[in-house]
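Pasting a structure below so you can have a look.
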Amino acid sequence: MTTLGTPLSPSATRVLLLGSGELGKEVAIELQRFGVEVIAADRYANAPAMQVAHRSHVLDMLDPAALRVLIASERPHVIVPEIEAIHTETLVALEREQGQKVIPAARAARLTMDREGIRRLAAETLGLPTSPYRFVDTAADYREAIAAVGLPCVVKPVMSSSGKGQSTLRSEADIDAAWEYAQTGGRAGAGRCIVEGFIDFDYEITLLTVRHAGGTSYCDPIGHWQQDGDYRESWQPQPMSAAALRRSQEIAKAITDDLGGWGLFGVELFVKGDEVWFSEVSPRPHDTGLVTLVSQELSEFALHARAILGLPVGAEDGGVIGQSGPSASCALLAHGNGVPVFDNVADALRDPDTALRLFGKPRVDGHRRVGVTLARADSIDAAREKARVAAAALGIQLTA
């Protein structure tokens, strides 16, 4: 797709975002830089990407009939799934029946919508190294799986994100509460879970991998720290051995080649010395990749947009995307109930080479990531500290 039209005209190039969170918002902005007409959809009104789209729709994207009605009415040239909670079988059917273009491909969206499809592909079809695992449907199966993989272990709903429904079990005392949380915290309600054994790793990375018209290219590895299964900080580049980096790229290429299509993939990996294990992959920008807003010449969102549109990404097949030096991000979390209001913004931006993104999420109920601070420095440690200081300076209030 190297010919682009004018938005809101008969020549418009229309892209439908299924999911309108903060990652979708940045993708929408990058698409609009190329004059793309952006339509944003999500299950709630005024989602972040809706605030920068040409128009928006609120619907249950797990409802196949509602999804078909939306796609028929908007007639998008390209559909870009931005979350897992989509009836992906509808996308598969539309791709097959009508040639509907889905990014990166409808099969990739279906396989990665839950942990089972992608884990079985990686471990059982491609033979990639992973943690030991079992899939379970009942409390009895769950207890058998724990006995098989051993403690400590992790339990996650097969369909969830941002740590929802996820628990780490360190003793038998954790077993019942973890099962209950897994049955209530997933995106699709009670149901199937994965029980994963622990890997003794040194660190974990996200290797952003972009499949584009010119081949496959890689970003420098992103290190990250998670709490309760959710991203808190990320930094780039993560130091690692040449052998581990080479193996990481080999694993990323194997999984993304099988999924196919064009777009950016977030490949999550565990690393110990020169050894690498596959963890997960998302066929879209990754929350840990928010650091690329300041760390790269082209952010993960710009890369995704360019790949979607068939445009050059600034790196050759097998090459590495340009990087600007040690950089870090720190997530901003709000706790409570209400509409976020931010103060001390000037203080948060006082240090040079510090940036801030406020996502525009319309409401917080419980806890929610509402923004991110970003920083560059002479070292990873210094960049992380600058991002933390900026985050601590910002005040977050919730109003009725």
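For all residues, glycine too, the Cβ spot is worked out from N, Cα and C.
Feature annotation from Swiss-Prot assigns N(1)-(5-phospho-beta-D-ribosyl)glycinamide binding site to Glu22, Leu23, Glu82, Asp287, Lys361, Arg368, Arg369; the stated evidence is sequence analysis. Look at Swiss-Prot and you will find Arg115, Lys156, Ser161, Ser162, Gly163, Lys164, Gly165, Gln166, Glu196, Gly197, Phe198, Ile199, Glu204 tagged as ATP binding site, backed by sequence analysis. The domain 'ATP-grasp' annotation in Swiss-Prot covers 120-309. Residues or ranges marked as Mg(2+) binding site by Swiss-Prot on the basis of sequence analysis: Glu268, Glu280.
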Report, in whole Å, the straight Cα-to-Cα distance of Arg115 (ATP binding site) from Glu280 (Mg(2+) binding site).
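With distance taken Cα to Cα, Arg115 (ATP binding site) is 8 Å from Glu280 (Mg(2+) binding site).
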So which one is it: of the binding-site residues Arg115, Arg368, Arg369, which has the fewest other Cβ atoms within 10 Å?
Arg368
Tell me, in order along the sequence, which binding-site residues from Glu82, Glu268, Asp287, Lys361, Arg368, Arg369 have their CA within 10 Å of Glu204 (ATP binding site).
Glu268
Between Gly165 (ATP binding site) and Arg369 (N(1)-(5-phospho-beta-D-ribosyl)glycinamide binding site), how many Å separate their Cα atoms?
16
Can you check which residues sit near Leu23 (N(1)-(5-phospho-beta-D-ribosyl)glycinamide binding site), meaning Cβ under 8 Å from its Cβ, same chain, 6 or more apart in sequence, and list them in order?
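Once residues fewer than 6 apart are set aside, Leu23 (N(1)-(5-phospho-beta-D-ribosyl)glycinamide binding site) is near Glu82, Arg284, Pro285, His286, Asp287, Leu290, Phe301.
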I'd like the Cβ neighbour count for Gly165 (ATP binding site), meaning other Cβ atoms within 10 Å of its Cβ, all protein chains included.
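Its Cβ has 25 other Cβ atoms within 10 Å.
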According to DSSP, which kind of secondary structure is Arg369 (N(1)-(5-phospho-beta-D-ribosyl)glycinamide binding site) found in, if we only use helix, strand and coil?
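Going by the DSSP assignment, Arg369 (N(1)-(5-phospho-beta-D-ribosyl)glycinamide binding site) falls within a strand, counted as strand.
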Pop the Cα-Cα gap between Glu268 (Mg(2+) binding site) and Glu22 (N(1)-(5-phospho-beta-D-ribosyl)glycinamide binding site) into the table, whole Å please.
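Each residue's Cα considered, Glu22 (N(1)-(5-phospho-beta-D-ribosyl)glycinamide binding site) and Glu268 (Mg(2+) binding site) end up 20 Å apart.
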Could you check the binding-site residues Glu204, Asp287 and say which one's CB has the fewest neighbouring CB atoms inside 10 Å?
Glu204
From the Cα of Arg369 (N(1)-(5-phospho-beta-D-ribosyl)glycinamide binding site) across to the Cα of Arg115 (ATP binding site), what is the distance in angstrom?
23
Give the sequence-ordered list of residues that share a chain with Glu268 (Mg(2+) binding site), lie 6 or more positions from it, and have CB atoms under 8 Å from its CB.
Glu204, Ile205, Thr206, Phe278, Ser279, Glu280, Val281, His286
Which Cβ among the binding-site residues (Glu82, Glu196, Glu280) has the fewest C-beta neighbours inside 10 Å?
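Relative to the other binding-site residues in Glu82, Glu196, Glu280, Glu280 has the fewest Cβ atoms within 10 Å.
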So if I draw a 10 Å sphere around the Cβ of Glu22 (N(1)-(5-phospho-beta-D-ribosyl)glycinamide binding site), how many other Cβ atoms end up inside it?
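Within a 10 Å radius of the Cβ of Glu22 (N(1)-(5-phospho-beta-D-ribosyl)glycinamide binding site) lie 23 other Cβ atoms.
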Taking DSSP as the reference, which of helix, strand or coil describes Glu22 (N(1)-(5-phospho-beta-D-ribosyl)glycinamide binding site)?
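Assignment for Glu22 (N(1)-(5-phospho-beta-D-ribosyl)glycinamide binding site) reads helix.
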Could you list the residues of the same chain, at least six apart in sequence, whose Cβ is under 8 A from the Cβ of Lys361 (N(1)-(5-phospho-beta-D-ribosyl)glycinamide binding site)?
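The list for Lys361 (N(1)-(5-phospho-beta-D-ribosyl)glycinamide binding site) reads Gly21, Glu22, Ala47, Pro48, Pro340, Arg368, Val370, given in order along the sequence.
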